[in-house]
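Asker: Pasting a structure below so you can have a look.
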Amino acid sequence: MFTLNNLLTSGLFNRQNYQVKIARMDTIAADDQNLVVKHSSDSASHLSPPPQPLSKNAQKKLLKQQRFEAKKAEKKAAIKEEKKRQGERKRKEWEEKLSNLSEEEKLKMIETRKGMRKERMDQRSEERESKALRLSEAKKHGQNIVIDLEFSDLMAPNEIHSLVKQIMYCYAVNGRSVIPSHLWLTGYEGEIGNQLQKIPGFDKWIIEKDNGPYINTFETQKEHLVYLTADSETMLDELDPKKIYIVGGLVDRNRWKGITMKKALDQGIQTAKLPIGNYLKMSGSQVLTVNQVMEILLKYLETKDWKASFFHVIPQRKRCETEAQGSHEEEEEEEEEEGEEEEKLDQEIKRQCVET
């Protein structure tokens, strides 16, 4: 005979058994899934070849890059902290000045400060207008310089990011130049196009932009195209206003030696190289960054003096002006100057964003 207590106990017992069974089924299913995942992982590892060990040169390059990045991060942190301290110090000095003044003097000093700020803003506005006017005139009468961006598929994301920084620097330097050029960006598609579009104010840049290849853009002016490449046998004596000079937008050319020269030959256009060897001896390769080439060309348009242009732009580490140093010393100097170059680009980018 079943009582109410018996029924309740029996029901509780059955529920407990049911929950135990469900838990066991979940455990079995999880074990099966883990077995499938393990089997898939084993199969994948069996099919894919083991990673190849890095060569000594690759290890050295990786170690150098890691050391450079660590120093760069440390330097940035120190600069940020110093700026913070300076800002705090200036704020305290301002508050101390105000605390020692009467209400009338306080108001007068605050108004004076507002006037100075307005004057600075007006000056920046005038500079922007002057820059816009010079660049607009350059689009009509300036020397045509093209940055060829068709090599983005050959670069890693960090190299594309570095190239975008160099392009921002080119635009900023061109805008401040006494004689700016008629600057073109061609062939920017894919990742480099995406990164360029993210630049603040990029749509308002006073330059020519064409995401197609330059060979199509200047189809009717092919005889005027001149690709600037260190592999050319033709020395550039002077800049011809009728010519259209092309600078290859490629970072880490050591992996792609001769690629710009080959491209120009395949397209049947002229080539030339900067006359660096006529004025100074380089410590290594004569290949320069995009922004360095651009700055040299702008300096030459201003001075008509190749030597002054080279010494103004080419960093000390690339010039053989002193006796050879120890290899470790040279590496440290090179890393330091690379860091300075990177910092210069970063500062120019910040300035460009402020101007925009």
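We number each residue from 1, going along the chain as drawn.
Every residue, even glycine, has its Cβ placed from backbone N, Cα and C.
According to TrEMBL, the protein carries these features:
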{"type": "REGION", "residues": "39-132", "note": "region 'Disordered'"}
{"type": "COMPBIAS", "residues": "66-132", "note": "compositional bias 'Basic and acidic residues'"}
{"type": "DOMAIN", "residues": "131-321", "note": "domain 'SAM-dependent MTase TRM10-type'"}
{"type": "ACT_SITE", "residues": "ASP252", "note": "active site, proton acceptor"}
{"type": "COMPBIAS", "residues": "318-328", "note": "compositional bias 'Basic and acidic residues'"}
{"type": "REGION", "residues": "318-356", "note": "region 'Disordered'"}
{"type": "COMPBIAS", "residues": "329-345", "note": "compositional bias 'Acidic residues'"}
{"type": "COMPBIAS", "residues": "346-356", "note": "compositional bias 'Basic and acidic residues'"}
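Locate each feature and note its surroundings.
Answerer: Applying DSSP to the region 'Disordered' (39-132) sorts its residues as follows: 83 helix, 0 strand, 11 coil.
The 10 Å shell around the Cβ of ASP252 (active site, proton acceptor) contains 13 further Cβ atoms across the protein chains shown.
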Asker: Need one number: mean pLDDT over the domain 'SAM-dependent MTase TRM10-type' (131-321).
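Answerer: Within the domain 'SAM-dependent MTase TRM10-type' (131-321), the model's average pLDDT equals 91.
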